[in-house]
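Heads up, the thing below is written out as structure tokens.
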């Protein structure tokens, strides 16, 4: 019983991280069918926003507000300059976003150097949960991810932008027949996805080594979360994160983490073989 | 209302429309008839900007809309109900109607009262996913959604397809009612002569991407003409 609490909390931490890094990708992939291979770099951009903000004397909370704004602006600029030109051809999209990913990594490394950055998280201590001490920051991360997830669902279900987005995901042509400008929706959706990734980057930073390459770790996993969960569906992201996060945590107790990750991805492929539309498709 | 001149369009190098000329007056209902594959649907899609115009012009109330993107054509005042209806299956009935409001010139957020009066089922099923409606209900939803944008011109592509005869009649008389009460013109692609008889003032027959014959709806009992242009 005692062992179950840290296990569940560890699983929840990983699920929350996957939720945060995958929501943006789900929106972009679901709407535009673009596999954004630069998604990981928006996570990195978020983490480096924290580095810069703390370097300038600001705190973690300021970075938590600044990162999604920085992510949104960079995402919007890149969508207008590059991504908007390649929607027609998914293969071009893969090549262009991959190239973009390499360029962003190198630019970040040129500016900040190769060694891991030092940042400070907001909660250093632990909290006692049913007799088990657990890092306070991880508990915060779980709560924050759930809140962000709930807010994203609210935006999807209750706002004009959310309705336009859901309609466009189902049929971009019919949405434009209704009077929705597809270019605008695509740009805002891509930028929102980038903003969510940057927010995830700030949250991740205190738990990992902040380097120019940190985003790569999350690219493949968030892609599998989206595919297993069902493209273009926010509830699918929850299902995908839940499945992949809990499996990976469970397996990591018995076998090395890297092997566990590989096994989970192999399982994801098996699931997609039998349910190609994902668990909860849009 | 709508003036189409020498319109040509197609997919890639394949030309489907070969110079269509069409004049649709205000409060007029015109039906386009023709065999399968002659370009009737392509004509509606070209007017709507979904298929790109290669040459020729389209004007709506004197405004040249030939080069406008689809969403601006919708805002200029054209409501389009495609073949297969184009319902957003995973949105609720009400959300489908709200999408229809996007092209309203007055920016209103209210679904017009008369739509629920005409089709009370859409209010009853308001929160239900549109994909769960029957074929006839989906057609009612699709037409209502187009009307939510308060269009001056309605394009209907085979509204009778796959629905029961009594609903075909209901839609036919509703189209008439719209024209009389709401000052709307309608361009309708249709195979069902009963619906055309109920709704349309006149018809045009399309052959190989051109409108080759026109007449009043009352002439539709001319067997020989029907045989020449429509029989397989």
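Using N, Cα and C of the backbone, Cβ positions are placed for all residues, glycine too.
Predicted automatically and left uncurated, TrEMBL annotations should be read as such.
The transmembrane segment feature in TrEMBL is assigned to A:12-38 (among others).
Summarising the annotation, TrEMBL assigns transmembrane segment to A:58-78 (among others). Sequence-distant neighbours of the transmembrane segment (A:58-78) (same chain, 6+ residues past either end, Cβ-Cβ under 8 Å): 38, 42, 45-46, 49-50, 100, 120-122, 187-188, 190-199, 201-203, 206.
Note on the transmembrane segment (A:90-112): residues 33-41, 44-45, 48, 51, 78, 82-83, 211-213, 215, 219 of its chain, located 6 or more positions outside it, place their CB under 8 angstroms from a CB of the stretch. What TrEMBL lists as transmembrane segment is A:90-112 (among others).
A Cβ distance under 8 Å defines the sequence-distant neighbours of the transmembrane segment (A:132-156), meaning residues of its chain 6+ beyond its ends; these are 2, 5-6, 9, 12-13, 16-17, 19-20, 23, 121-126, 162, 165-166, 196, 199, 203, 206-207, 234-235, 237-238. TrEMBL lists A:132-156 (among others) with the feature transmembrane segment.
For A:194-216 (among others), the entry in TrEMBL reads transmembrane segment. Outside the transmembrane segment (A:194-216) by six or more residues, the chain places 17, 20-21, 23-25, 27, 39-51, 60, 63-64, 67-72, 74-76, 78, 101, 105-106, 108-109, 112, 114-117, 119-122, 137-138, 141, 144-145, 148, 152 with a CB less than 8 A from a CB of the stretch.
Same-chain neighbours of the transmembrane segment (A:222-243): 15-16, 18-19, 21-23, 25-27, 29-31, 35, 39-40, 149, 152-153, 156, 169, 264-265, 268, 271-272, 277-282, counting only residues six or more beyond its ends whose CB sits under 8 Å from a CB of the stretch. Under the heading transmembrane segment, TrEMBL lists A:222-243 (among others).
Sequence-remote contacts of a segment are chain residues at least 6 beyond its ends whose Cβ falls under 8 Å from one of its Cβ atoms, and for the transmembrane segment (A:255-274) they are 220-221, 224, 227-228, 244, 247-248. Residues or ranges marked as transmembrane segment by TrEMBL: A:255-274 (among others).
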Short question: which residues 6 or more past the ends of the transmembrane segment (A:12-38) have a Cβ under 8 Å from it?
78, 83, 86-87, 90, 93-94, 97-98, 100-101, 104, 138, 141-142, 144-146, 148-149, 152, 165, 168-169, 172, 185-186, 189-190, 192-197, 199-200, 203-204, 207, 218-219, 221-223, 225-226, 229, 231-234, 236-238, 240-242, 244-246, 248-249, 282
